[in-house]
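Take this structure first; my questions come after.
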Amino acid sequence: MILNSSTEDSIKRIQDDCPKAGRHNYIFVMIPTLYSIIFVVGIFGNSLVVIVIYFYMKLKTVASVFLLNLALADLCFLLTLPLWAVYTAMEYRWPFGNYLCKIASASVSFNLYASVFLLTCLSIDRYLAIVHPMKSRLRRTMLVAKVTCIIIWLLAGLASLPTIIHRNVFFIENTNITVCAFHYESQNSTLPVGLGLTKNILGFLFPFLIILTSYTLIWKALKKAYEIQKNKPRNDDIFKIIMAIVLFFFFSWVPHQIFTFLDVLIQLGIIHDCKIADIVDTAMPITICLAYFNNCLNPLFYGFLGKKFKKYFLQLLKYIPPKAKSHSSLSTKMSTLSYRPSENGSSSTKKSAPCTEVE
């Protein structure tokens, strides 16, 4: 969608140079359906994650704090998803007013940054817990985890401020519809560049590099531990899990980030072809479904790596109430071996200790 401003009114009036871009009947049916599925699955799954972690597991570990906040961030986003489903089903006609336009848009942006930052911190926590279990004891505390989550929520809110400021309701004169969209004045070309690059770099590239580095180091440490303890059979599931975590994150977000970058080029007028604009506007909601559906499954995905999480989750599904006493924290297959150098410089392996527990 290429928008040009014409007149100013209570609702700003603009022109769309490519009015048919992204407007296909199958999009107006398929995307609301996918949004509805994401909403139902996401609300159900993330609500159960919150209940399991808070009431059954008693929020005892650092990783459980990150997972709880991840689920809460997803729930905040999911609550606005029906608005986007209606918006798309109405062929991109926004009936909810300017305030809800800003709030719903900011929720999408907030969830992107909060979830990515939390996953990044979770990967760092896994690295410290598995590779440096003894050294990281004093740093991996509940207080540090809670303060980190507060900082993440503040940073995600700060990163979403431009969306609150610049996302508005506009009336497109040549199509006679009201949309909730970004609109950039031609002379203010630095804004879309800044927003697009922030989303690409801060919302994907840097976090992915940190996640990739963390799990690569975990991979190497566990591999070395198995080589040292040759009499112990190698559990390849550990390495499959690590590979799945990295690939899951990468392929969930790469399509959306690519089309976000192309959309910035269109908004800047670098790309003028309406055929390309149609491809981008058609693909964008599909990539959003992919990214945010996987995003909403993350708490379940990470949680089910832990045996105790699975146990309590199944208990909850069977309506078995949590016991009054506190439960010990989650552990996963990645915590069956921890690796650390001994004091004399040689390498040693040991069975998992509480400091290596993943959730």
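Glycine is no exception: its Cβ is also placed from the backbone N, Cα and C atoms.
Fair warning: this is a prediction, and the values are worked out from it, not measured in the lab.
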With reference to Swiss-Prot, specify whether Ile11 and Ile271 are located on the same side of the membrane.
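Going by what Swiss-Prot records, Ile271 is on the same face of the membrane as Ile11.
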Can you look up which of Cys149, Cys180, Cys274, Cys289 is joined to Cys18 by a disulfide in Swiss-Prot?
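According to Swiss-Prot, the disulfide partner of Cys18 among Cys149, Cys180, Cys274, Cys289 is Cys274.
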Have a look at Swiss-Prot and say which candidate in Cys76, Cys149, Cys180 forms the disulphide with Cys101.
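Of the candidates Cys76, Cys149, Cys180, the one Swiss-Prot pairs with Cys101 is Cys180.
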Between the Cα atoms of Gln15 (angiotensin II binding site) and Asn176 (N-linked glycosylation site), find the distance and write it as a whole number of Å.
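Answer for this pair: 10 Å between alpha carbons.
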With pairs restricted to those 6 or more apart in sequence, evaluate whether the transmembrane segment (142-165) and the transmembrane segment (62-89) have 3+ C-beta pairs under 8 Å.
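Result for the transmembrane segment (142-165) with the transmembrane segment (62-89) is yes.
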If you run through the topological domain 'Cytoplasmic' (126-141) with DSSP, how many residues end up as helix, strand and coil?
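Breakdown, helix to coil: 6 helix, 0 strand, 10 coil.
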Give, as a single whole number between 0 and 100, the mean pLDDT over the topological domain 'Cytoplasmic' (305-359).
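Per the prediction, mean pLDDT sits at 50 for the topological domain 'Cytoplasmic' (305-359).
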